[in-house]
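I have placed the structure first, in the form of structure tokens, so that the comments after it can refer back to it.
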Amino acid sequence: MPEVQRMTLTQFLIEERRRYPDASGGFNGLILNVAMACKEIARAVAFGALGGLHGKASTQAGEEGAVNVQGEIQQKLDVLSNTTFLRVNEWGGYLAGMASEEMEAPYQIPENYPRGKYLLVFDPLDGSSNIDVNVSVGSIFSVLRAPEGADTVTEQDFLQPGSAQVAAGYALYGPTTMLVLTVGNGVNGFTLDPNLGEFFLTHPHLRVPPDTQEFAINASNSRFWEAPVQRYIGECMAGKSGPRGKDFNMRWIASMVAEAHRILMRGGVFMYPRDTKDPAKPGRLRLLYEANPIAFLMEQAGGRASTGRQTLMSVAPGALHQRIGVIFGSRNEVERIEGYHTNQTDPDLPSPLFNERSLFRASA
């Protein structure tokens, strides 16, 4: 068979830059640095237990079970991935600052490195609780513009709506390593050639089908969901005999990168909605470095991303680590769920398909 000539990530970025004659090229350098960080993390993940990086991270006192700003137990690979993102991206002169799920405050670019005009926010290793069971994990990132003239960055500088993103993407560390990227002109997927150490364009112009018969949600939280979500899931579970007149499949991986990737590949809808399980955390996912980057990708691929009440990318952030309810995927399904939120007559009335203790009604 003749060898297929594929475009590299570098070539792709050069082609994109040519669409903007006044561009400096610094943006390309930033994306390539992010890609390099993802390559390093992919290598560490691939070694698994052989690399000695499985298990919980240690505290400064040497005790197992370090906790991040989110109150979550850190894995060793969480810490390594965060350090890798900082080290690879701080020196290039493209960034004014960074923010991470693993750090309470913004990261200042060291004085011995030049400052740039962009901000980078990231979740260095999404789904890290799955590491020890060898389920796909990933890194999520978003690029914003930095304010001009400031010597240091503040939390306020990062509090920009998703609509202000310059680029966003994720790396998926699975059977193959993929980088899925939008620079505001559609969504493209690149696969890492482990022999050459280069990302090649393998999935150009990704599109999310508008309709689907597949949804992803953590059904164990059903008793805490709001009525519109209970109604939607109840109708899906009723299948052909219910109001939707068709059967649905349910998926749940507990790794948002893996869920988002499946939806970009074949459609579906993902829900981690607002609920009442923990009044201090009405939403589970973080707006700036989880929800917004995925929302940008979904919208650029023809899908939709929402809280149920408004589009995700229109939300004005109030804090660096703000949590929010998230619904994204096939446009028609997300719009249906939004309609249920808008048109609910009694927000406390669950669907009759649910009872007090079960996802679906017991047989009569």
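Every residue, even glycine, has its Cβ placed from backbone N, Cα and C.
Keep in mind that this is a model prediction, so the values were computed, not measured.
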The Mg(2+) 1 site in Swiss-Prot includes D123, L125. Which of E101, E102, E104, E148 is also listed there?
E101
If I go by Swiss-Prot, which of E290, E299, E333, E335 binds Mg(2+) 2 at the same site as D123, D126?
E290
Sort S129 (substrate binding site) into helix, strand or coil using the DSSP assignment.
helix
I need the neighbours of the Mg(2+) 1 site defined by E101, D123, L125. Which other residues of that chain put their C-beta within 8 angstroms of the C-beta centroid, in sequence order?
D78, S81, N82, S100, E102, F122, P124, D126, S128, S139, I140, Y289, E290
By CA-CA distance, flag whichever of S129, N218, E290 among the binding-site residues is nearest to D123 (Mg(2+) 1 binding site).
E290
